[in-house]
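These notes concern the structure reproduced below.
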Amino acid sequence: MNDELKLALEDERAAQRRYSQRVRDEARAPIKYEGPQNTQWTGDGRPKFPPAPLGYLLGRVALTHPNDMLGGRNDFYIGERHVELDGVEVFSWAAPVACTFYQGTAHHEWCDDVAVIRSFDHKPNGEIKTLAEDVIRDGVLEVPFEKRALSIPNPAPDARRRPLPRPRPSAPPAPQVVTPLAVPPQGTSAPDLERRPTVSTPAAEPLIRAEAVLRSRMEAPRGKSLRPVLSTLQPDQYELVSYPADQNLIVEGPPGTGKTIVATHRAAYLLNHEAGENATIGDVLIVGPTVGYSQHVRGVIGDLVEDNDRIHVLSTIELAVLLLGSKVPPKGPGSTTWRDCDWELGSMARAAASRLRAKSRHGIAAHEVYDYLRANGKPDLPLTHDKEWATYLVDLPNYPQALQVRAHAALISLIKWTITQHRSLSNVTHAIVDEAQDMTSLEWFLLESINAGTWTILGDHNQRRSDHTFDNWDRVLEMIDVSYDGVAFRQLDRGYRSTRPILEYANKLLPRPERKIRAFQKVGPIPVVMRTSSDDLGLAITSQLARLFEAYPSGTTAVISPNFETIRTLLRARGWQGQHGNVEVWSLNGKTVRVFGPNAARGLEFDAVVVVEPTDFPMNVGRQGPLYTSLTRANRELVVIHIKPLPDALRR
């Protein structure tokens, strides 16, 4: 580390400490409350305080010349919240001016004046670990960032915030540029501070910003839950995160391209008052595929969102449990026949509720609607004349039994929502659906009833796990009543999570035209493929786990297999113990591994993954979505263990 970088780091660390202190002080300041004395409409009548913010500075932007709106300065910071430090502005990451930092395409009026962008990487304790600089206009400034001994004066009682600069309306997107950065070899210290001129990239190659910081993040061990990545959001991701709330958006991309990052950070952006007109006025609902997914993303939501009362993070089964009002989730597969999850079933249920409500003076109950549906209405006024549908309805279990069966959870949830909207979800104006390729038409029918506003839909049809879901977005748009012209389609191409060797192996499962690879992590171990016998399967798994624990001592490891119960039995026989209340987590001598089936693996990531018996993974319409998803959960290393012959595609 050269002297210039040391001095820059010390200066920015001092700014970080002062910024963090100021943000916390402001968060603890008394809130003047003006509201009704009657608490009927406001709960207990007291304002709810947001959790104490972390107070991270994300980076710094130097303009080519001083700016009057900056008090004659030419630089400013981007942070979690707006603060002024000794006259140096720290703008919120959600403010329009942050486009200058993220090099986005929303094009702020200052974007054309950006000279240098400095991005920070933080230690777990919040201290700035290192920094990287992107030079946008070389040779304009001899010293882009003036070093300052910052202090925090007490603001005057009538101190007012300077007006934020406004984004330039209807301007064309800024050209995409990228700055090559010096990236340290693995195991070395942070790079010397090096500023290099910008190099234009081909149109097909997305811009990479803050490359050294991003690479450091990707090579770091995976945590148990997703964390904010505000300092390393890429321009294409920022464009999606900051897309206006009143517009519909569909984002498609292969595994590891950042769809979940976009989903979570977009939710936080839409609820941030600094986003101005781009924010939503109501609540945001995030729907994911599994309970593990919602647990995985709640950490980042908690860190980013100031008003937690306005965001709801639920898996499809958690949404059903909420609407059903049950304490125990229903059991079994999501569907046993396509009729279990077809939108026409929902339409008939809604018609049943409408008929009963028209005749009732005292309201109706969910079991009454369900029983009316089972009976196919009245003999002289059936809900359907289709004989196959009529047979299906008659064969439905009784209401108490249906409540315990997951295949009927979406149906009864819809009935309950149709009768009485659940209060906690009654103000949803934007729904974000991640892993959307796995949503059934009945689930879309239910969500369309809940969401009163616009949509952000993210998915990858190559990871589709069931034939009972749509294989194209056109059908989804029909279900949520959005015209094709009323939605923006975006594609994420670059993979960040998995290394190129992992993606090359997994992509063998895809049709040849869809095997293109654009991996940020180009180097990594070749996947280990190991054949064993039934008698030696337990030994093969535990020996590979021991090796992976040694290779990634601070990382996370998982075993994924359709035969996950067998895997757990084998681990138990070798002294491993399952965590009380969570059969997915197994431990031995301080080491922990998660063991689950392919459905539970969706939306998650780990440093190392062991996939067992690929041939047993279910297929759908000639594709191997569940296996493809499982092979791409690894960030650093993939191991495949099998007894039976591998699928043909993986033997090539």
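Cβ atoms are placed via backbone N, Cα and C, with glycine included.
Features reported for this protein in TrEMBL:
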BINDING   Gly253, Pro254, Pro255, Gly256, Thr257, Gly258, Lys259, Thr260  ATP binding site
COMPBIAS  22-31  compositional bias 'Basic and acidic residues'
COMPBIAS  166-175  compositional bias 'Pro residues'
REGION    18-46  region 'Disordered'
REGION    151-201  region 'Disordered'
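Remark: Pro255 (ATP binding site) has Asp460, Gln463, Gly495, Arg497, Ser498, Leu503, Ala506, Tyr628, Thr629, Thr632, Arg633 as non-local neighbours, by Cβ distance under 8 Å and separation of at least 6 in sequence.
For Gly253 (ATP binding site), the same-chain residues that are 6 or more apart in sequence and have a Cβ closer than 8 Å to its Cβ are Lys259, Leu458, Asp460, Gln491, Leu492, Asp493. Summary of the ATP site environment: with the site residues Gly253, Pro254, Pro255, Gly256, Thr257, Gly258, Lys259, Thr260 set aside, the chain residues having Cβ atoms within 8 Å of the Cβ mean position are Asp460, Leu492, Gly495, Tyr496, Arg497. DSSP classifies Pro254 (ATP binding site) as coil under the three-state reduction.
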